[in-house]
Amino acid sequence: SKLAALFEHPLYNIPMPEVTDKDKLFVVNPMEKFSLQSSGSDEWVSSSKAEAILPTGKTAYDTYPAWLKFHVGINRYELYPRRDPLMPTLLHDLATMRIVSSVQKSGGTQLKLIMTFPNYGQALFKPMKQSRDQETPMDFFYFSDFERHNAEIAAFHLDRILDFRRIPPVSGRLVNITKEIRDITTDKKLAKTFFISPAGNVCFYGECSYYCSTEHALCGKPDQLEGSVAALLPDKALAKRRSWRSPWRRSYHKSKKAEWELNPNYCAQVRQTPPYDRGHRLLDLIDMTVLDFLMGNMDRHHYETFEKFGNDTFLLHLDNGRGFGKHSHDEMSILAPLQQCCSIKKSTYLRLQLLATRPYLLSELLREALAADPLAPILTEPHLRALDRRLGKVLAAVGRCLAR
């Protein structure tokens, strides 16, 4: 396994700072035992009366389902550890666990569902909108593009290979629209949008501001539909998140340009503005820029952080469905923060150099990672080849900065 060899490499074993209680998103009482006794609500219930060591010799923590262990493991420095023994279990649960409820997620321009499992875990389902080999038309504005389920899956694995680990786990899944959405939904608005197409397939379109209509309906074959299933982050009531507007946000106007596109000294201005005037926030943003350039994602207008950790923490790389739309075009404007600031983390730069060499070629590592997904193949070969080409362009941009 090339992936296993990569994760053994010294660059993937740089020691982490010590994680104290104040660096953890949740401080867990080891006496708390997870209980699946429902109290009439959809919440998990804990019992403080449990013994720290259960009769089986396991600790109370062992009673937690994989999604809860994932939440408990989040800290100031990472969303999940490099060598996470939990990851295969969590991805398997997302792909196979019985769905007990499917409701539409409010907000957004496209249809997304929140799915609930018997162990009270929840996931965000993004349905298949276009086939793997369909490219986004060149005349499309980035804000008119579809969100792609396979881009969400590929983004999670790419983020992990880059050692950012800032995207929640995502798996592909084949869903039965009839049994796993229509028959179990309690969402009346969603329920009204199901119909049988002239071809005899089960379809639905939901309610949203942009792509929710019979013209953009999602149809099964006859009721099987592919989608990405992403582990949800802890509820915002338990772990508040802060949304930050990206300084390199696009104008989202068909003819106006953003200030960063017109001002060559724009980065100097950003460097004087909190939270970019101290710490590693700007460098974290440039990490995100590299990820977005590699997958061709132009739609990064905001990012989030966990409020508990203030400014000294990683950025969450959420909503990656508009990546991997064009393999034949490299959108250099995505790299503007790197090119204008001429800054990058040394550790990121060294890993990018490694991923441009054999036996650690980025395309080969991602191909191996995606081969294990239930919906494989996730990306077509031209998209995988584009990654190596784009990585070369990132390294060239850093080279020009070094020369300057």
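One-based numbering along the chain as shown.
For all residues, glycine too, the Cβ spot is worked out from N, Cα and C.
Please treat TrEMBL annotations as automatic predictions, because they have not gone through curation.
Annotation source TrEMBL lists active site at D299.
Per TrEMBL, ATP binding site is recorded for Q110, K126, E147, A230, A231, L232, L233, E304, D319. Counted within 10 Å of its Cβ, the other Cβ atoms near D319 (ATP binding site) come to 23, all protein chains included.
What TrEMBL records for E147, D319 is Mn(2+) binding site.
Per TrEMBL, domain 'FAM20 C-terminal' is recorded for 194-403.
Ranking the recorded positions E147, D299 by other CB atoms within 10 A of the CB puts D299 at the bottom.
Straight-line distance linking the Cα atoms of A231 (ATP binding site) and D299 (active site), rounded to a whole number, equals 21 Å.
Highest local Cβ density among the binding-site residues A231, L233 belongs to A231, counted as other Cβ atoms within 10 Å over all protein chains shown. Each residue contributes its Cα atom, and for L233 (ATP binding site) and D299 (active site) these two points are 21 Å apart.
Summarising the ATP site geometry, the residues cited as binding it (Q110, K126, E147, A230, A231, L232, L233, E304, D319) extend over a maximum Cα to Cα distance of 20 Å.
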